[in-house]
Amino acid sequence: MICSGRSGQTLSERCGVEAILLVGGKGTRLRPLTISTPKPLLPTAGVPFLAHQLARASAAGVTRIVFATSYRSEMFEAAFGTEAYGLELVYVDERRPLGTGGAIRNAAQALVSKPDDPVLVLNGDILSGHSIPDQVQTHLESEAAVTLHLTEVDDPSRFGVVPTAPDGRVTAFLEKTNNPMTNRINAGSYVFRREVIDTIPFNEVVSVERETFPGLIASGETVMGFVDAHYWLDVGTPSAFVRGSCDLVTGLLESPALPGKPGPMLALEGANVSPRAVVTAGTVVGCDATIEAGSTVSGSVLFDEAVVAKGAWVRNSVLGRGARVASGAMLDGAILGDGAVVGPGNELGDGLRLWPGIELPPTAVRFSSDV
């Protein structure tokens, strides 16, 4: 298959490709939100998180996606069916966790690509504005075994890094260190030559980052780096999840799946937001959720039927379905599970997580001394 054309053209205009979407993780860092819902299906800027990935992939020209599922696998097909956003969707379940490489190899059973065809692999917890067509173009022009999207970060010491040669070839995969030799990291989007996927051991636990990619380099295969400086975010933590949702609402990252125009707030059907409330910074107000007069909500995500009562203050937080924040309560970086209740006068600080159905009585949690 030959891919050619101008930068920015869609894949259907240039070459066409199918994709594997890795969505098998349990999302433990986002509990309690993921107790009942897989991370890739959490409401994000008004739709399930994966909707943004599917819509962007479709806009780039991808026509077929194989979901590599595991945790609560049945929920994915229930959410998207066999077709969404112009994509044909297929689901392959892992009966036991197989790692990134094992998941890719397991999902490959459903691919229709030929041995030399490019296969895109996306991680189901990444928001990215990078150019998929340009990544595929780089892959085909270099005749690589696999081409990785690399992004540059301000603090690479928090990640393993990926150094490259002047021609763009990846030379190594290095673990975290206090003095990394580069600020380029693996951004979680790969283009494989199909036959390379077929060399991954079947039904075995395999890590592409620790085994497959280093093994390809050691054997003399070309592993290319595609460096792209567009928006990129791993939404695996509560703070990152909130940030990603808000960035989509405000338009910092454009998404064809956003149910409305970018702005300081997104209110879904049936949402009740008092004109005397202050709601800013990309806050999402879910279906039938309520924000009462005199309250302030900034940069937060309210799932369906959540309530912020009069005079409450909420920032950088997530309220699960039906969760309630009473009058005078304050949340800053907190996560409330479905149906949780924060009584009047409570102050929940950064990182605090309230499990589903738990009710805090008045002033049960405080950071200040006045009551």
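Glycine is no exception: its Cβ is also placed from the backbone N, Cα and C atoms.
Because TrEMBL annotations are produced automatically, they should be read as predictions rather than curated entries.
Annotated in TrEMBL:
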- 19-248: domain 'Nucleotidyl transferase' (DOMAIN)
- 263-343: domain 'Mannose-1-phosphate guanyltransferase C-terminal' (DOMAIN)
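Summarised by DSSP class, the composition of the domain 'Mannose-1-phosphate guanyltransferase C-terminal' (263-343) is 0 helix, 34 strand, 47 coil. For the domain 'Mannose-1-phosphate guanyltransferase C-terminal' (263-343), the model's average pLDDT works out to 96.
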